[in-house]
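Participant: Sharing a structure below in structure tokens format, with a few things to ask.
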Amino acid sequence: VYLVALLSNGLIIAAIACDRRLHTPMYFFLLNLSLLDLGSISTTVPKSMASSLWDIRAISYAGCAAQLFLFLFFISAEFYLLTVMSYDRFIAICKPLHYETLLGRKACVNTTAAAWGGGFLHALLHTANTFSLPLCQGNILDQFFCEIPQILKLSFSNSYLREVGLLVFTLSITSGCFVFIVLSYVQIFRAVLRIPSEQGQHKAFSMCLPHLAVVSLVISTGMFTYLKPPSISSPTLNLVVTVLYSVVPPAMNPLIYSMRNQELKHAIRKVI
């Protein structure tokens, strides 16, 4: 899975960078999405692979903090970027005549920088707050990488209220982004259904449905990981859900976005 993620995301980055016809806002966002996917999966999987191959189950305190920060940074920035991409699809389909005005080069750079910056601040807040807690319940994490719910289990039961409050704040921002994405797609689907030709509808749906599928997978599995009650928690369930939101999307995103995109497939073939 890791090799598939490396190869597919690397091909998309190379294809978009080398083909001038793909120097448009949609592909600019897709290039940044591939960079974030490479970063997120490279933060967790290589360490897990090394632990399995050499049977070394330890990670340093600083290494754990760095891994948590980088993973939160990439995964948060990716979600904010997916929100920006839904706005891009909304403008492209519902207001095509204003596309160049609303999403020019400067606007694309600014919104992408805001997504990366938002991910950085989100990761910094959670990492600093999580590792400021006194950890007294041992040093065993029941997961293949350093994850906030597993670290909180090592702290005093009454000392992680600050992190819970921060998680609630993050949840409110995430919910706001999700509502924005849903409203964007409601408008998109209404506009698509008014397109007279079936070919036009098919092209519009093929552009939007993959994006919506990726967003739904990331949100549902991520929220389940952080909000599930302890009564339904088990090592196997935790592992499966964590893999679904941390490993599967970086490997599947390139396949989902390029499956029905003839321009991108042609550019990838040229790169190969």
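The count begins at 1 with the first shown residue.
Cβ atoms here come from the backbone N, Cα and C positions, even for glycine.
Here's the feature list from TrEMBL:
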SIGNAL    1-17  signal peptide
DOMAIN    8-257  domain 'G-protein coupled receptors family 1 profile'
TRANSMEM  58-82  transmembrane segment
TRANSMEM  164-186  transmembrane segment
TRANSMEM  207-227  transmembrane segment
TRANSMEM  239-259  transmembrane segment
Participant: When each of 58-82, 164-186, 207-227 is checked against the transmembrane segment (239-259) for Cβ pairs under 8 Å, which one has the most?
Facilitator: 207-227
Participant: Could you give the mean pLDDT over the domain 'G-protein coupled receptors family 1 profile' (8-257), rounded to a whole number?
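Facilitator: Across the domain 'G-protein coupled receptors family 1 profile' (8-257), the average pLDDT comes out at 86.
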Participant: State the non-local partners of the signal peptide (1-17) in its own chain: residues 6+ outside its ends, Cβ under 8 Å from one of its Cβ atoms.
Facilitator: 23, 27-28, 30-31, 34-35, 37-38, 41, 45-46, 49, 247-248, 250-251, 253-255, 257-258, 264, 267-268, 270-272
